[in-house]
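So that you can see what the record holds, here are the features copied from TrEMBL:
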type: TRANSMEM; residues: 12-30; note: transmembrane segment
type: REGION; residues: 76-117; note: region 'Disordered'
type: COMPBIAS; residues: 86-106; note: compositional bias 'Basic and acidic residues'
type: DOMAIN; residues: 127-173; note: domain 'RING-type'
type: REGION; residues: 182-223; note: region 'Disordered'
type: COMPBIAS; residues: 185-194; note: compositional bias 'Acidic residues'
Amino acid sequence: MLLVITMFDYWTIPFLFCGVFTVGFLVMVYKQRQELQRLVAERERNRRAANEEDDIEKQQKLEAVQNGLVLQEWKDVETDDVEQQPNERPERKTNNDSRRNAHRSLDVSYHTTTDNELESTTSAAECGICLIPFQHQDLVGSSTNDKCCHYFHKDCITEWLSMANNDDCPFCRETFLVLPKEEDAPVDLEEEDNGGGNDDAASRRQPSHAEVLAVDAHDQFEA
């Protein structure tokens, strides 16, 4: 009987140790899982917040682009080009094969073709972004910068300018959309001028010290 009790005590200690180790391991795994879930949730919140900020910034830029573009129908552009003299707008030769090989994607910033080559291989009768010829009823957008004379479909150039860090013309790399700067309203200056004018008028209406002395002397003389 004593031997049985001794053997039972001998095997109890390892079982207890294994049980404590198992419980501690399960608790550690549970805490690690909870921490991992917390990190994943926090990362998801940060990602959503960043996406919302990007969407707001993109929407603001899109509205600025849409409000700042010079839009007109292509038939009006052709009419203006006919009325202009030949040296007012640079002529560009047409080369369909090289032009279509040079522009196969919307993001032309990855192309190694130089600006001069693009100028020489781009026709004014087609959009340089989608490579689709202009139709008379197409709504095209032009730059507000006098240094850029390129035309693009409204949707094409709007999508191009709405991309991050895309503020330049895909061809000449000049700033395509020059937004007007907010000018200081001269209201305060006018108010100051008006206020100053009123003060001057009021001071002119009030008699000077010399005039007061003269009136007093005249009264004393008559008395």
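Glycine is treated like the rest: Cβ placed from N, Cα and C.
Annotations in TrEMBL come from automatic prediction, not curation.
According to DSSP, the secondary structure content of the domain 'RING-type' (127-173) in residues is 9 helix, 9 strand, 29 coil. When pLDDT is averaged over the domain 'RING-type' (127-173), the result is 82.
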